[in-house]
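Student: Checked TrEMBL, it gives:
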TRANSMEM  C:20-42  transmembrane segment
DOMAIN    C:23-440  domain 'DUF112'
TRANSMEM  C:54-74  transmembrane segment
TRANSMEM  C:111-133  transmembrane segment
TRANSMEM  C:139-159  transmembrane segment
TRANSMEM  C:171-191  transmembrane segment
TRANSMEM  C:255-276  transmembrane segment
TRANSMEM  C:321-345  transmembrane segment
TRANSMEM  C:357-387  transmembrane segment
TRANSMEM  C:393-425  transmembrane segment
TRANSMEM  C:432-451  transmembrane segment
TRANSMEM  C:471-489  transmembrane segment
Amino acid sequence: MTIKYNRRSLLKLTGGTLAAASVASPSILFAQDSYPSRPINVVVPFDTGGYNDRLARAFAPFLSQRLGQPLNIINRGGAGALLGHSYFLQQPDDGYTLLCTSAAPFLPLNVLTQNAPFAVTDFHMMNLPSRDYTMMATSTESGITSIEDVINQLKADPRSLTIGIQPASADLVNLMLLADTVGISRDELRLVTYDGGGPARNAVAGNVVDIALVGGQGFLPLADKIVPLLIFDDAPRDNWGSAIVTEVAPGADFVLGSQRGWGVHASLVEGSPEIYQTILSAVEETSKAPEVIEALSSAQLATDWFGPEVSNRSLLATAAVMEQHLSILQGS
Amino acid sequence: MTKTGKLKIQWGHLVLLAIIAGWILAYLLDARATSMRVSNLLLVQPVAILALILVLVLVPQCFVREQPNDNTLAANNQDTPPAKETPLELAKIGILTAAFVALAFLMERIGFDVSVFAFLVLGLYICGERNWIANLAFSAIFTVALIYGYGAIIPFPFPLAVL
Amino acid sequence: MIDLAELSDAFTILSSSWSAWIFVIPGLLLGLFFGSMPGISITMAMAIFLPMTLYMDFLPAIIFLTSIYTGAGFGGSVPAILMNIPGTSSAVATTFDGYPMSRQGRHNEALGIALASSVIGTLVSYILLMFLIEPVSGIVLKMGPLELFFVAIWGLMLLGSLAGESIARGLLAGTFGLLLGTVGMNSAGYIRGTMDIPWLLDGVPTIPAMMGLLAASQLLNLVNTKHLIEDEDLRRISMRKITGGFREAFQHKTIIGRGALIGVVIGSIPGVGSSISNLLSYSEARRNAPDGDTFGKGNPKGVIAAESANSSSEGGAMATMLALGIPGGGATAILLAAFAMHNVVGGPSFIANNKDVVYAIIMSNFAQALLLLGVGLGFVYIASYIVRVPMRYLIPSVLVVALFGSYAINGTASGPITLAVFSVIGWGMVRYNYPVAAAVVGLILGNLVEGNLLRTYQISGGELAYALERPGALLILALMVVSFGLSAFSKMRRKRKAGVQMGAS
């Protein structure tokens, strides 16, 4: 008990009086112990039950084995992950708080549309194994069979189809960029806005809207109720067999969908390189371990290893395209 | 049913209506400032206007004519204030409410353990527990039980000062 | 409809893996315990135990999780009845009559009635599920925004009967709640009324606001009372009276049947679920009861209606999950995750190829419901000792529990602050005879009403003719009109009858 008491009060001291500026102090305080010497927290900026929560909870036991300390999952949902991301940055950058999040599109969205008190570069993503993509789909009952049908109909009359979509999303950016490239009037499109990807997918599967643009992986359980029309990526994904955007509209800009995975404070990489290296190798080892790959892929969770360089580059590229087309995200 | 008797103003009722109407008006103006598009105001604007009209209908009900000679009418009249507390009883409610609001706003900053314990001690005293030993013992045990009980099952830590 | 060969296979599965059954009672107990803690959602309880199921076989894992689901579904009713705290939005209607019953010293009956109604509701819903799983899956995805809008309007009709003595005050409370329910970012992406507070982007936190309006406002008013139940003789805890509540519940077969049907149908619609079904069922029971005026003052029928509907929503949500492979809410999302962990993917092909497993799941839920009757009995017996606690201890303690619960929802001060603000507003409303329940109903429905009205407008382009393309919506509208017409007609007849009798005597 007394040890715990001391540690808590020390933390309070560093967190409260020295404030966030003195970034390295916690690691100095624990310098006598080798990292990690106590349980590690994993912040998930979404409520229980979502993809990131399930990813964190499935991955944590294996990562915990390699780090030698238990991992506590902390859910901080709300406001499009803004609350959770802010909370994460407020924690000391001593390697005892990790982040599991949909870095794209939520970090750029927080910054671009929500006046977030941080920059995308305050976060360092170690690995973003889950890379979703926008998919345009229609119901098997709609009579639409190909992306050409859609483009021709919308060219003739932009109001002829209802389009299920989430506001301020990567999907919306992709739709508008496609419209620009193939020459469809953006402003006249009949958008039907949904609060989440799930409701939008259900609506198109039930033929309530004519087409929908939503994250493609979520469509997998509904595969036999929909016709995939177009995938916004430069290569085919998940065996959908649909057209891909680089063929249909060469030269069209597009953004990847959700990029989810593991991050730390950017200041940790600079401030405590040894600790960062310990975490990074543990995450890499865990991601590549066969038993982890088996356990996660059976739960339809991604565990591919891309590494920090590819992950951060991809995140920043997405952020740049989103910033370039900010007006679409902000609506009017 | 003569119009005799003193005109009594329910000040509390007026304040309640003012708060509700003030918020609704501010909300409506904020929504209109955000965007004048139909997809923004579709529901909010008509409902807000309806609510504001209802407030206007209800304002006269804050002015009640006391009818000292007609007890049966007064008893049936829904506009008479329901509560008949003594000033002391009202003060107790007021202090407890103020302490509760203060606790809600400060518990994260002070730490749950200290603030909850303090609130329990004060709350028990206001609600009538005059035995200090029982009060302090219960407050301490209940605080610890709650923090460890809830702490064990929720997926995030409580901010604590001492425990 | 029911494949008998598959059914007997299901029996084989269940009887061959007896080990699966040992998880039912722990699951129920965990669910009851978590569910009765304000602010701990069913989803949270299930998410915490999800990793444990990784090491179990498929069937024990599912049985364990669905037991938690069943237990937690009823657990929420206990604080609703004893303390007027709806720990989840699906227990709101339970507070309307359950809490007044407690205050009158009928807490034993109220808990017994709630338990029995929940169990019967769950049983009926799984029986319906067995027959309806395929047709339901065909309809659910067809539910467009207009259909959902009408469902929400049906729910809003409850405002009329909650209004109490003054229609104007009831309507103001209802519209106030409705507006509160639309704060934040709407479906089209417009941000209103957040006062630059980030967490209000998601809207006013519903559960803390409800706890403030319904529970904390009440408690503050009780500072000057000695006990929750004034009469000492009535403060007894009686097993006999609790089981007497069972009998009472069984006497109202129509209310339970209707509640279960509403629960299954509404529960199967993704994103709507039990938070709406308990209100609809309560509203229907109230309008159709000869003693409708006594609802809200401790009428057991109100408890029966609410509990039968919120528990049967579980069956509806399971139907959607099994048949379509899509989650209707957090709890079924967790179940799907558990399915996935065992390499089982829900959806049409799962049902077609694994009917035996589906039947096994359904039947294990029958068993869970029956066991809940026993486990729950012990649980409510212990829980009801709360009525013996003197108010001077109960008030501060429950206020603090509510604060912890509101913090537990997402671990930020947003919950406690919302709770405190709304307990003050609620106290003022109660003091001047504004029905807080109407504000709560508005708050719960606000988002649903606006989102679906908006999407209807977006799809139709504002043209009324669109309604003609949606026979389902017209059917719901017709049902609503018929239901209201019938209850008005029978009310008139009762009145005339009463008038004739009075004339004769």
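Backbone N, Cα and C atoms are what each Cβ position is placed from, and that goes for glycine too.
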Student: Which residues, given as numbers and ranges, are at least 6 beyond the ends of the transmembrane segment (C:139-159) yet have a Cβ under 8 Å from it?
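Tutor: Non-local partners: 170-171, 174, 178, 266, 268-270, 272, 276, 279-280, 282-283, 286, 320, 323-324, 438, 441-442, 445, 448-449, 451-456, 459-460, 466-467, 470, 472-473, 476-477, 480, 484.
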Student: Do any residues of this chain, six or more beyond the ends of the transmembrane segment (C:171-191), have a C-beta under 8 angstroms from a C-beta of it, and if so which?
Tutor: 156, 159, 162-163, 200-204, 206, 209, 429, 434-436, 438-447, 449-451, 454-455, 458
Student: Short question: most Cβ pairs under 8 Å with the transmembrane segment (C:321-345), which of C:54-74, C:111-133, C:255-276, C:357-387, C:432-451?
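Tutor: Going through each listed stretch, the top one turns out to be C:54-74.
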Student: So, taking each listed stretch (C:20-42, C:111-133, C:255-276) in turn and counting its Cβ pairs to the transmembrane segment (C:393-425) that are under 8 angstroms, which one gives the highest count?
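Tutor: Of the candidates C:20-42, C:111-133, C:255-276, C:20-42 scores highest.
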Student: Just to confirm my parser: what is the rounded mean pLDDT across the domain 'DUF112' (C:23-440)?
Tutor: 86
Student: Sequence-remote contacts (6 or more beyond its ends) of the transmembrane segment (C:111-133), Cβ cut-off under 8 Å?
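Tutor: For the transmembrane segment (C:111-133), the nonlocal Cβ contacts are 1-2, 70, 73-74, 77-78, 81-82, 94, 98, 241-246, 248-250, 256-257, 259-261, 263-264, 267, 300, 303-304, 307-316, 318-319, 322-323, 351, 358-359, 362, 365-366, 368-370, 372-373, 376-377, 380, 383-384.
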Student: List, by number or range, the same-chain residues at least 6 past the transmembrane segment (C:357-387) whose CB is under 8 A from its CB atoms?
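Tutor: Answer is 6-7, 9-11, 13-14, 20-21, 24-25, 27-29, 32, 36, 59, 62-63, 66-67, 70-71, 74-75, 78, 82-83, 102, 107-108, 111-112, 114-116, 118-119, 122-123, 126, 129-130, 133, 227-229, 235, 237, 239, 242-243, 315, 318, 322, 344, 350-351, 394.
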Student: Take the C-beta pairs under 8 A between the transmembrane segment (C:20-42) and each of C:54-74, C:432-451, C:471-489. Which stretch has the highest count?
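Tutor: The stretch with the most close Cβ contacts to the transmembrane segment (C:20-42) is C:54-74.
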Student: Of the stretches C:54-74, C:255-276, C:471-489, which racks up the most C-beta pairs under 8 Å with the transmembrane segment (C:432-451)?
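Tutor: Selected stretch: C:255-276, with the most Cβ pairs under 8 Å.
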Student: So what's near the transmembrane segment (C:255-276) in sequence-distant terms, Cβ-Cβ under 8 Å and 6+ beyond its ends?
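Tutor: Distant contacts of the transmembrane segment (C:255-276): 73, 88-90, 92, 117, 120-121, 124-125, 128-129, 132, 136, 140, 143, 148, 151-152, 155, 249, 284-285, 301, 304-317, 319-320, 326-329, 444-445, 448.
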